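Taken straight from TrEMBL:
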- Glu165: active site, proton donor (ACT_SITE)
- Glu348: active site, nucleophile (ACT_SITE)
- Gln20, His120, Asn164, Tyr291, Trp395, Glu402, Trp403: substrate binding site (BINDING)
Amino acid sequence: MTSLTFPPGFRWGASTSAYQIEGALDADGRGACVWDTYTAQGRIQDGSNAATACDHYHRFPEDIALMKAAGFDSYRFSIAWPRIVPAGTGAVEPRGLDFYDRLVDALLEAGITPMACLYHWDLPQPLEDAGGWQGRAVVGPFADYARIVAARLADRVKEWMMLNEPNVVAIHGYGTGEHAPGHQLGDTGILRALHHQNLAQGAALRAIAAEHSGLTLGTVLNLQPSVPDSDRPEDVAAAARWDAVWNRVSLDGVMRGQIPPLLAEAMADFVLPGDEEAIRYPIDLLGINYYSRMTMKHEEGHPFDVWWGEARCRRWTGMAWPVQPEGLYDLLTELRTDYANPAVFIAENGCAYDDVVADDGQIHDDERVLFFREHLEAVAQAAREGCNVKGYLCWSLLDNFEWAFGLSKRFGVVRVDYDTLARTPKDSYRFLSSVAKGGDK
Ligand code: GCO
């Protein structure tokens, strides 16, 4: 077995997002977001909602104590836009800012470095009503919100991520309709949502940089190698198309200011002169969310005439996602060789399984431990070969509201009992803790 050794100063921690854990959706003047609307439409598979979720809004001290006890030194959380600017534009809600102020102080007190993500999918509903990510009207409000939050917190929060997975927002929010706001606007709708997120990101990066120096600015992308299901030319072309949509619009947008050539024609209607400069930014740190490879084939009737092929792997997670740690190694290697080896960190990696609470009250989640071990080996190997990887944040600290799956899919290293809200660390928590503390090598 490869040893789990990492470069000096390698950072360890967890990621969460506001909507998935906070609850308290009506507290302290928070406005409505697209996920509130989508949930109220009855579109969550298990009929649950995020009204309470993990009640992190009130229980964050306990959650921070869990991270500290694990030996985690870093934590990525997201700030809920509708808590800060409830109507998307206009009045700022001071009680929303106060909450993140308390959270940040408590993290620092615990010796945990806060990393704030500005957008983990909770678009204020009034902005969606005005066109959402389909148009440019959202760009200015996002930059304003970024400036407001940074003005309050950047004296203590030094690491800022703009977006989380713009591809998933675009594809599922505006293409398949499986995520809020639940539109099915075809290929053009997906590309519009991607491009306008790129523009908003560029504007927010510049807005924050203009106000504060010495910050680490970046964004978080879900990057997953797209491989063809067969060597038939139409499958090879489908995988390349999917790579352009899923990975390259976002990655090449920020890193190179480039629209993928494969998509240039399809995007010509709404990419204006100057946009490529506006979306490019020399970020300091790139967060990567990795779950699996994507095996794709040509099939009409789906976005971009691409559909899932047969993933060749030995195991699947409880989401029926293939377990393919070698894809993470390939991805890190590609960033090193083809993108000038940027500073990166794993911002999410993890898995859902149908956890069982054993007679001893514990959760012996061996499959999740194995998942983490194999992916950490892939990261360690890439780092040994020179990849500039700075740290690893698991997804997720807590079981939480897994979007359209509701509370039915558990990704946490800490179990949440949704009746009592009791937290129980799983074996996977102890495993990551031992690696973070340097005891498991
Ligand atoms: C993501 C999402 C998370 C999900 C996780 C599992 O960024 O994809 O950030 O919110 O819960 O990926 O599906």
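Yeah, the Cβs are placed from backbone N, Cα and C, and that goes for glycine too.
This view paints the features noted in TrEMBL onto the structure.
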residue : record                    : CB count, 10 Å
Gln20   : substrate binding site    : 26
His120  : substrate binding site    : 23
Asn164  : substrate binding site    : 24
Glu165  : active site, proton donor : 24
Tyr291  : substrate binding site    : 21
Glu348  : active site, nucleophile  : 24
Trp395  : substrate binding site    : 24
Glu402  : substrate binding site    : 20
Trp403  : substrate binding site    : 22
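Of all the binding-site residues given, namely Gln20, His120, Trp395, Glu402, Trp403, those whose Cα is no farther than the 10 Å limit from the Cα of the residue listed as 'active site, proton donor' are His120. When the binding-site residues Gln20, His120, Glu402, Trp403 are screened for a Cα within 10 A of the Cα of Glu348 (active site, nucleophile), none qualifies. Residue annotation for substrate gives Gln20, His120, Asn164, Tyr291, Trp395, Glu402, Trp403. The furthest Cα pair among them is separated by 18 Å. In this structure, Trp403 (substrate binding site) is part of a helix by DSSP. DSSP classifies His120 (substrate binding site) as coil under the three-state reduction.
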